[in-house]
Ligand code: NAI
């Protein structure tokens, strides 16, 4: 696929942990399409080491940043602009974590200190990233920011727990900041609502295996893969989608518009 849709563009990719990560696949696809990138993740995730392989493959520096730390974010954007010798054209926010889920706390028995942390990492972090870029004037005109979300923001998936609330906020931040950054620099901000994928974050959801199979059967096209998500994200980073902003875009094989499928009914 040598369309060079991102030729000359420079971007920051948050959230590549291992080969399964949506951000990992997206990083590779962006580079295949001609982009230069900077990779970033929390210092603790970087210590696990796998990202070095991706960095070599993508010829990209890795700049550590805890997405909840403003000094880290300032440093990330400043160093990235130094590295690129100019401003940034795209940002992928592919970050999420539920502390209550990790600690086995159900939605009806949340620990609110954990919830605050979950909201900060998974939702407020998008605001932190955008505010940092806005204040540093780090994004070029028509730059594109994409954050990954899930349909539990709109409909109840009981085991998705507090992450549903975090995703609802994430989508709201994309809309609200999309207004301000659109006016200021024609920067567009969208969320992609992705099918379930077997990744470290995804598999943390209770009953994930049953759930991913159900989603497959409930989607006329089947579940969208992480590779396909990377393709879709590339279109949003490209100049072909310059007027798309403040949207929550479903990338889910039709799941979000389907009431029931024969595949599900036939199982009864
Ligand atoms: P992943 O576990 O590979 O990626 C999550 C990333 O968040 C990791 O790289 C992790 O190190 C990073 N992270 C956590 N805390 C951080 C912090 N304080 N600072 C910086 N980075 C931090 O899993 P996946 O699935 O690729 O997740 C990426 C995004 O896609 C998440 O927002 C997730 O909610 C979303 N998503 C995932 C779906 C799935 O089924 N896997 C479905 C729909 C959306």
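For all residues, glycine too, the Cβ spot is worked out from N, Cα and C.
Annotations in TrEMBL come from automatic prediction, not curation.
Per TrEMBL, the features are:
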type	residues	note
ACT_SITE	150	active site, proton acceptor
ACT_SITE	160	active site, proton acceptor
BINDING	15, 21, 22, 95, 167, 197, 198, 199, 200, 201	NAD(+) binding site
Request  = Tell me which recorded positions (15, 22, 150, 167, 198) have a Cβ under 6 A from ligand 1; sequence order is fine.
outcome  = 15, 22, 150
Remark   = recorded positions considered: 15, 22, 150, 160, 198; fewest surrounding Cβ atoms within 10 Å belongs to 198
Request  = Report the nearest neighbour of residue 150 (active site, proton acceptor) in space among the recorded positions 15, 160, 167, 198, 200, comparing Cα positions.
outcome  = 167
Task = Provide, as an integer number of angstrom, the distance between the C-alpha atoms of residue 198 (NAD(+) binding site) and residue 160 (active site, proton acceptor).
result = 15
Ask   = Given the binding-site residues 15, 22, 200, which one's Cα is the least distant from that of residue 160 (active site, proton acceptor)?
value = 200
Query = So what sits near residue 200 (NAD(+) binding site) in its own chain, CB-to-CB under 8 Å and at least six residues off in sequence?
reply = 17, 18, 20, 21
Remark   = Around the Cβ of residue 167 (NAD(+) binding site), other Cβ atoms within 10 Å, all chains included, total 25
